[in-house]
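Per Swiss-Prot, the features are:
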BINDING   His109, Cys115, Cys134, His140  Zn(2+) binding site
MOD_RES   Thr97  phosphothreonine
MOD_RES   Ser145  phosphoserine
MOD_RES   Thr156  phosphothreonine
MOD_RES   Ser166  phosphoserine
MOD_RES   Thr189  phosphothreonine
REGION    14-17  region 'Interaction with host APOBEC3F'
REGION    40-44  region 'Interaction with host APOBEC3G'
REGION    54-73  region 'Interaction with host APOBEC3F and APOBEC3G'
REGION    75-80  region 'Interaction with host APOBEC3F'
REGION    76-115  region 'RNA-binding'
REGION    152-181  region 'SOCS box-like'
REGION    152-165  region 'Multimerization'
REGION    173-193  region 'Disordered'
MOTIF     109-140  motif 'HCCH motif'
MOTIF     145-154  motif 'BC-box-like motif'
Amino acid sequence: MENRWQVMIVWQVDRMKIRTWNSLVKHHMYISKRAAGWFYRHHYESRHPRVSSEVHIPLEEDSKLVIITYWGLHTGERDWHLGQGVSIEWRQKRYRTQVDPGLADQLIHLHYFDCFSDSAIRKAILGQRVSPRCNYQAGHNKVGSLQYLALTALITPKKIKPPLPSVRKLVEDRWNNPQKTRGHRGSHTMNGH
């Protein structure tokens with residue numbers, strides 16, 4: 001019998017970002033309790049040798065978001081692609097599909113964090129409690145409504161420290177956009193080129 005390959009999207013990530021992500025998840029699971037219901041699986045609890053951690057985020061009664069971090073992958077064409085990666089899956093019973101980081105953040109925002117949204121005016125008219133600020137800015141992928149922009153101009157959003165874990169921040173690629181850093185003038189190694 002021949003080998004059958006299964007292809008999946010794995011975002012190449014710096015290992016320090018993975019450590020930061022895991023620390024933020026654990027902090028908000030155990031200390032701040034903002035990520036109540038999330039489940040963290042260590043590398044020694046997985047049967048797959050390349051899995052370094054898994055974070056299971058329940059969404060509805062039988063669906064969840066699973067963020068899996070890998071180590072020991074083949075390195076990429078650049079020096080900093082050191083064999084670390086992240087995959088993001090949406091699972092419901094036996095069905096699995098991969099999602100992009102923006103959609104993952106939106107799903108987390110939708111199920112876990114209250115926000116002033118388009119329906120806030122209707123809620124206020126009905127006498128329901130309306131939150132004047134958003135606790136999870138990473139869940140927004142576009143400019144908010146005029147009402148939201150007016151409210152944010154009136155009430156400054158409160159910064160949460162440490163920040164809530166964002167999947168988009170975890171997989172963002174800052175390496176391919178050269179950033180100028182302070183250093184000697186004309187130094188090609190310091191200015192990102």
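Cβ atoms here come from the backbone N, Cα and C positions, even for glycine.
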Long-range environment of the region 'Interaction with host APOBEC3F and APOBEC3G' (54-73) - Cβ separation under 8 angstroms, sequence gap at least 6
10, 12-13, 15, 18, 21-22, 25, 35, 37-41, 43, 46, 83-93, 99, 104, 107-108, 111-112, 167, 170
Any residues 6+ beyond the ends of the region 'Interaction with host APOBEC3G' (40-44) with a Cβ under 8 Å from its own?
22, 25-26, 29, 51-56, 71
DSSP-assigned states of the region 'Interaction with host APOBEC3G' (40-44) in counts, ordered helix, strand, coil:
2 helix, 3 strand, 0 coil
Just to be sure I understand the packing, how many Cβ atoms besides its own are within 10 Å of the Cβ of His109 (Zn(2+) binding site)?
22
What is the three-state DSSP composition of the region 'Interaction with host APOBEC3F' (14-17), stated as helix, strand and coil residue counts?
3 helix, 0 strand, 1 coil
